[in-house]
Amino acid sequence: MQTLLFYFFFINLIFAHDLNVKTYKPCTIPSVFSEQFTSEDITTWRSRWRAPVNKDLGVWDLVEAPGSHLRDEYGLITLKSNKPHILISNLENPTTRQSSSVPIVLSFQVKPTKPWTCGHAYVSLVHQSNPKNVSKEPPSVIRFGVKKCGMFDYISLSIISYDGKVSCHLYDAPPSGLVEGRTSMYTLLLQNTTVVIRRDQSVVYTGDVGTNFFHSPTKWITHSNVSNGYYTSRNIMSFLLSNNTNTSSYPFSVNGVELDVWNENAGVFINNIYFGFSLSDAMKFENETFIAKKILENSPCPNQPSIQPFGILMMLVSTIYGNFKNLYNCIKRNTIGYIYNSIYDFWITEGMLFPMRNMDIFKITAISIGLSIPVFLWLLK
């Protein structure tokens, strides 16, 4: 058994070393939209991606993948802290799904290059009435990504009507699994009423649009297929994901892709964005853009210099500093962080979206604070 493990370990090292000397090349897998950056895009990417001009936004830049072992792999990185970073890329032609049985697949890769304290990273499909209008942010139809802030840590999925008045959120979402310095890949599959979420090529969530979403409005509207005009959760999802314009008020038609990142720290790196209508093509895209990167990021780099005595001392100092930093962040998160982050989640990002799996943590925190106050007041006497 030990011999077998030893063999596989060194096979990974050899494979990693082989990949290390190769150059990243964008794959040519069919898609509705695919963005894979290289050094050739340094001067041209701004012609494909634009930012709304009526907002105080952060700045993006196209840089070589930080810590990457593949030469010439590039991506977009955020440069400002505590600023929303928004970019929109128009599709060459507006696209509409042919039937509800055709899967909608949306995928992207994200890598926090600095500690992720609080923030989100979304990739959205948008519907713009005037794609050339850069004065405002277009409404999202499907918003997919990650959100990690204090006790909140999950993969976020929202489906929104074209007018923005109907919005449904996944309430039992899985954890994000984000790790500083590591690339995470997230893939969304919507087919009929089934929702599947993949993280790093593994299925982490399977649900149904009629039972696993909430925050639907209870408003009366006129609709030809609903006799009483009442929007149930399943009806909303059917309307939003359908393309039959004769029977649905909300056909699935999009003409743009949006990046939306906000974080307390800069340095959120995003690349390898994919949108299409084929699950098999999406899996090929995952294989060609992520497998090599995953192996390399999880393998020791064979080109690292040997550690000298002075290097050992610096490593020890760095370890001690890191421990104190982690202690400080832990105290901060469990005191002021809870209060601030809760306000952030309730009012800044998604209104009243509150994942059900975090409710117990919220209750325990509230009870702990409630019990601590009388003790604190007693000690002051």
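Each residue, glycine too, has its Cβ placed from N, Cα and C.
Reviewing Cys118, Cys168, the cysteine that Swiss-Prot connects to Cys149 via a disulfide bond turns out to be Cys118. Looking at 178-198, 304-324, the stretch flagged in Swiss-Prot as transmembrane segment turns out to be 304-324. Taken residue by residue with DSSP, Asn287 (N-linked glycosylation site) is part of a helix. Taking the Cβ of Asn287 (N-linked glycosylation site) as centre and 10 Å as the limit, one finds 13 other Cβ atoms among all the protein chains shown. Mapped onto three states, the DSSP output places Cys118 (disulfide bond) in strand.
Taking only the Cα positions, the spacing between Asn287 (N-linked glycosylation site) and Cys118 (disulfide bond) is 30 angstrom.
For Cys149 (disulfide bond), the number of other Cβ atoms no farther than 10 Å from its own Cβ, over all displayed protein chains, is 24.
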